[in-house]
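First up is the structure itself, then whatever we jot down about it.
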């Protein structure tokens, strides 16, 4: 079969127009290849994805790498298929880019199978409707905003409140406690963080349980807008062909939207609210609907969501909200108190915080913890104006317990051991429930509040209190 060859007619940043002979237009989403000597000396090293048909014989494409060095009139080859990513066990322990090429300098991936990056969501009859909780070993999450198996979880937070550290801890806990596979999509985040994650996963021995797909901040918007889809195809293989429960981490889903908005204007679309692309909800829906549980396995996804200027009503985080089963909101005020993970216990929500799913005892403890913390929050204005002495005895007790709960919600992480010097803790759900139940019931009213800071189970808090008393 003779190759379908076109030529470049115009280059505008990451968007390239290509002319073909009449009647030979490549389909939407087809991958085209062209040689860009500015990238490296390989032939056909730049992939373009067809985004629009312009008239009789011209297509508008999005480049997956740098377009510096391209010239008008250059030959472009239609591959006849969409961008494909290698899938299967050989992707574990490897880092690849948006077009499935390894970027870790460890040779070819050598996979047996490839999946296209644009795939249909599972049909309704194939989806599973079973609802069950997914234990993470992180107290604040398991108690107050539990994750659903096969659900979508949003990690909300501004810059520097600990989203990436929380994701790394989850990868660590899932690999070590559940032995499950993880797929990590680095979408438009810092290359240094991507490198740190790879190094730390290598050191902690979880790398061979994870596949990493990176399209970082320095990549053109085309790569950042598609890299999450590449990672999703890798995860879908483990779910559909190997019947696995897979964890898909996306850091950061906001950058997926941001990249889409960068290309949208160049594609000639009229911007919508706050300058975002008019197709924002559609693009997000196409990605999110593929993340689900089927009768064979599940994909549970944890998505870090950067909130521009801490504004949750911005269209990007607001659109992501609609798809989530649980939200873990990281708060700057809590981080300022030195409480890590800086999860806001009153702002974080979960669809499965329901006695029918998690059981009566867990539900009752979670609600009583939230009640005490909310009461403390309501009293803070009075404390600020009149001081603690003006409170009733009952309110003083509530404040004391709330401060203990606040500190007990902190926890040392395995992945932060090098920085904190404290060994990481994985806390079983039953120990988490027991600990908070005892604090709310007033069993530990006599212990100092600093005994509850950065410990795992309640037994460790009692031990720490004894050490503090001995000093």
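Going from the start of the chain as shown, residues are counted 1 onward.
Placement of Cβ uses the backbone N, Cα and C atoms for every residue, glycine included.
Under DSSP, residue 164 (ATP binding site) is assigned to a helix (H, G or I) in the three-state scheme. Taken from Swiss-Prot, the feature ATP binding site applies to 157, 158, 159, 160, 161, 162, 163, 164.
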Per residue, counting other C-beta atoms within 10 angstroms of the C-beta, which of the binding-site residues 159, 161 reaches the highest number? 161
Taking each of the binding-site residues 157, 158 in turn and counting other Cβ atoms within 10 Å of its Cβ, which one has the fewest? 158
Among the binding-site residues listed here, 160, 162, which has the most company in the form of other Cβ atoms within 10 Å of its Cβ? 162
Determine the minimum-neighbour residue: among 163, 164, listed as binding-site residues, which Cβ has the fewest other Cβ atoms within 10 angstroms? 164
